[in-house]
Amino acid sequence: MSEALYDLVIIGGGPGGYVAAIRAAQLGLKTACVEGRGTLGGTCLNVGCMPSKALLNSSEKFVDAQKHFAEHGIKGSVELDLETMLGRKDKVVEDLTKGVEFLLKKNKVDYVKGWGSIPKVGEVLVKGDDGEQTLKTKDILIATGSESTPLPGIETDEEQIVTSTGALSLKKVPEHMVVIGAGVIGLELGSVWSRLGAQVTVVEFLDKILPGIDEETGKLAKRVLGKQGLKFKLGMKVTAADKVDGKVKLTMESVKKGKVEELEVDTVLVSIGRRAYTSGLGLEELGVAMERGVIQVDGNFKTSVDGIYAIGDCVPGPMLAHKAEEDGVACVETLAGQKGHVNYELVPGVVYTHPEIATVGKSEEALKEAGVAYNVGKFPFSANSRARAMGESDGQVKILSDATSDKVLGVHIIGPAAGELLSEAVAVMEFGGSAEDIARTCHSHPGLSEAVKEAALAVDKRAIHM
Ligand code: FAD
Ligand code: NAI
């Protein structure tokens with residue numbers, strides 16, 4: 001058993017933990033990052049953001065080659081080599097996780113392999129393959145992330161009945177896949193397997209997809225994804241999934257009328273949300289306040305116990321990698337005597353379907369509910385020359401601004417590269433900018449970003465190309 005004295009020991013090497021570790025080291029704190037899964041990068045790099053984006057990209061290329069190249073005058077048939085596609089995804093993950101290991105080394109952060117727990121304030125006990133060690137430290141930062149929320153009565157095996165992790169590595173394309181939950185994971189991974197040839201049915205408890213998103217944008221998304229072949233069963237709940245003769249028999253029930261339906265499918269993806277992963281840390285014994293496993297923190301990410309902090313998916317707020325990173329930076333900057341801050345009003349959200357769906361700020365429904373008077377400017381990608389040249393004219397940009405001050409309150413984009421386009425809106429909103437500020441900014445031509453400018457012009461009813 002060895003001992004070391006650190007300023008900060010971080011438990012969890014995901015985007016929250018490893019980014020916090022690098023920033024802490026930059027600020028001169030002697031830092032260790034404890035990670036149990038064997039590779040750094042957390043859910044995001046190993047079984048989340050990055051493998052899903054690799055497969056989204058590969059499957060989009062497959063659809064392009066199969067269905068869209070011909071209209072560009074490029075002929076020839078293509079076939080799917082799933083093993084190579086999955087292998088490429090694994091290589092992307094391997095390279096990225098190794099990259100994070102290199103970054104920790106470069107910043108002189110000690111990467112400690114093993115599962116951490118907190119026997120008492122100021123100590124982290126790490127159980128690794130090579131035995132146990134206790135790290136003595138001034139402060140502890142918990143960044144242990146989240147896991148899939150299970151659906152009671154439905155047991156996942158990561159082969160036939162899978163969480164997102166299994167859905168990233170299916171050995172063959174299912175004939176029929178049912179996705180339970182029309183949230184971000186359901187739509188992204190449902191899209192992947194639908195593009196590769198599966199019939200995909202998305203079963204959602206509510207009567208809409210992507211709950212919480214600006215409703216018009218959600219409806220447009222449903223229409224576009226429906227055109228691509230995704231089938232939606234809304235207002236339905238799955239009550240049982242039984243494995244019978246190599247298939248899964250699903251029983252579901254309509255929420256309003258209780259009408260029962262059965263479906264026999266090859267694969268079921270359970271994607272009904274994620275929950276904080278905080279078990280095994282010893283938090284109950286230490287008296288760290290939690291609500292349903294979610295660690296409660298103050299404005300400086302301090303838990304109810306002095307010397308213990310928490311960030312990312314295991315604390316309240318959106319479960320997004322960039323939010324976890326912002327939390328991590330703000331937390332350690334505060335620990336180092338600076339003034340860390342995160343603006344939770346402006347955390348962007350992007351669904352990486354095709355087209356992408358990207359939103360920031362308030363939805364129209366939220367503004368109505370809050371009684372805020374607003375103006376709306378919309379511009380369709382069908383009227384954007386670059387989108388037309390690309391053959392990507394589905395979707396629109398929608399800007400909501402305050403009726404009196406013109407301050408931008410929300411931006412909702414569905415369309416090509418929506419996630420990248422959104423960054424302009426986020427920056428303008430961070431500076432408290434107006435729709436007029438965007439409208440008066442020179443945007444290069446021909447560019448997709450001209451649709452953002454035109455939507456800003458449309459707020460004042462003076463769009464040019466519509
Ligand atoms: P995590 O990334 O979950 O990292 C926590 C780490 O802590 C894990 O590696 C875990 O092994 C480790 N750990 C836990 N307990 C211990 C312990 N006791 N000792 C040592 N180590 C421990 N977000 C986006 O912003 N964009 C996306 O495109 C996106 N796509 C996603 C796709 C999928 C399929 C999934 C599942 C998630 C996706 N997310 C996405 C969400 C994103 O992955 C999370 O929000 C993000 O990873 C949270 O970061 P974190 O550092 O808080 O936790
Ligand atoms: P989610 O919260 O996005 O969606 C879950 C959906 O399941 C909701 O629509 C909900 O109404 C529905 N649901 C809940 N219980 C149900 C039931 N019993 N039957 C049918 N439907 C039910 O959760 P998801 O998709 O699992 O993703 C988890 C988190 O991962 C997201 O909240 C997001 O933060 C993160 N993520 C982010 C991505 C991105 O930023 N691009 C990509 C993937 C995940």
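For all residues, glycine too, the Cβ spot is worked out from N, Cα and C.
The candidate list Gly87, Gly114, Gly116, Gly282 contains one residue that TrEMBL assigns to the FAD site with Lys53, Thr144, Gly145, Ser146, Asp313, Met319, Leu320, Ala321, His322, namely Gly116.
NAD(+) binding, as stated in TrEMBL, involves Gly181, Ala182, Gly183, Val184, Ile185, Gly186, Leu187, Glu188, Glu204; the candidate among Gly122, Gly258, Gly273 given for that site is Gly273. DSSP classifies Gly181 (NAD(+) binding site) as coil under the three-state reduction. In this structure, Cys49, Met319, Ala321 are the recorded positions from Cys49, Gly183, Met319, Ala321, His445 whose C-beta falls under 6 Å of some atom of ligand 1. The Cβ neighbour count for Leu187 (NAD(+) binding site), using a 10 Å radius over every protein chain in view, is 27. Taking DSSP states H, G and I as helix and E and B as strand, the domain 'Pyridine nucleotide-disulphide oxidoreductase dimerisation' (347-456) has 40 helix, 33 strand, 37 coil. For ligand 2, no neighbouring recorded positions occur among Cys44, Thr144, Ser146, by Cβ distance under 6 Å.
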